[in-house]
Ligand code: 5GP
């Protein structure tokens with residue numbers, strides 16, 4: 001998606017540890033006209049899929065998922081990062097290792113909001129090693145819902161998440177795939 005790539009080149013900042021900061025338009029301050037275009041693009045790419053629900057993970061996925069959902073006219077449900085898991089059987093639970101915070105979270109989703117009749121599109125801001133996405137895919141599997149695919153805004157193609165997820169046979173659409181990045185240069189696939 002050309003508009004997004006241009007914006008990353010203009011305003012993205014590469015930090016040590018292979019972290020790309022996009023706080024001025026995606027992760028902290030949010031550029032709504034740009035995210036509208038992102039939502040439209042996801043709608044185009046998954047136009048043939050019978051999506052009934054969009055699934056994301058808190059926090060940065062939520063805003064993007066909500067704007068995208070307006071183009072699909074379906075609800076958004078977001079997995080929550082929990083301090084402790086109450087194993088009362090009412091929640092789907094999984095574990096996710098955070099790329100940016102280097103710790104493992106329990107992630108939970110109420111069983112009320114995902115069921116075997118659902119056709120799910122997962123939306124997230126970044127794909128790096130794939131832990132967040134694998135956690136969400138695990139939740140979809142546990143629910144018995146059909147996974148239609150995953151839409152990612154920025155994939156860091158030099159990390160292994162994209163390959164792992166595609167090798168699993170998941171339909172993965174990333175709007176910008178970064179091939180390499182240093183503090184002075186950034187290239188796209
Ligand atoms: P993964 O689980 O694929 O390793 O990492 C994905 C998650 O980590 C995303 O949900 C995102 O919040 C965060 N993340 C990974 N890489 C980056 C990055 O370069 N920049 C930012 N801002 N977040 C990242």
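Glycine residues also receive a Cβ, built from the backbone N, Cα and C atoms like all the rest.
TrEMBL: automatically predicted annotations, no manual curation.
Given the structure is predicted, the values throughout are model-derived calculations rather than measurements.
Copied over from TrEMBL, here are the features:
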- 20, 27, 156: xanthine binding site (BINDING)
- 50-156: domain 'Phosphoribosyltransferase' (DOMAIN)
- 128, 129, 130, 131, 132: 5-phospho-alpha-D-ribose 1-diphosphate binding site (BINDING)
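Where TrEMBL records a feature, it is marked here on the structure.
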residue : record                                              : Cβ neighbours (10 Å)
20      : xanthine binding site                               : 18
27      : xanthine binding site                               : 19
128     : 5-phospho-alpha-D-ribose 1-diphosphate binding site : 20
129     : 5-phospho-alpha-D-ribose 1-diphosphate binding site : 15
130     : 5-phospho-alpha-D-ribose 1-diphosphate binding site : 21
131     : 5-phospho-alpha-D-ribose 1-diphosphate binding site : 18
132     : 5-phospho-alpha-D-ribose 1-diphosphate binding site : 26
156     : xanthine binding site                               : 24
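Surrounding the centroid of the Cβ atoms of 20, 27, 156, where the record places xanthine, the chain contributes additional residues within 8 Å, namely 12, 19, 21, 22, 125, 126, 128, 154. In sequence order, 97, 99, 127, 133, 134, 159, 161 are the same-chain residues whose CB sits within 8 A of the CB centroid of 128, 129, 130, 131, 132, the residues recorded for 5-phospho-alpha-D-ribose 1-diphosphate being left out. Proximity to residue 129 (5-phospho-alpha-D-ribose 1-diphosphate binding site), judged by a C-alpha distance within 10 Å, picks out 156 from the binding-site residues 20, 27, 156.
The xanthine-binding residues named in the record, 20, 27, 156, extend over a maximum Cα to Cα distance of 16 Å. Spatial neighbours are here defined as Cα atoms within 10 angstroms of one another, and by that definition the neighbours of residue 156 (xanthine binding site) among the binding-site residues 128, 131, 132 are 128. In the predicted model, residues of the domain 'Phosphoribosyltransferase' (50-156) average a pLDDT of 94. Cα to Cα, residue 132 (5-phospho-alpha-D-ribose 1-diphosphate binding site) and residue 20 (xanthine binding site) are separated by 17 Å.
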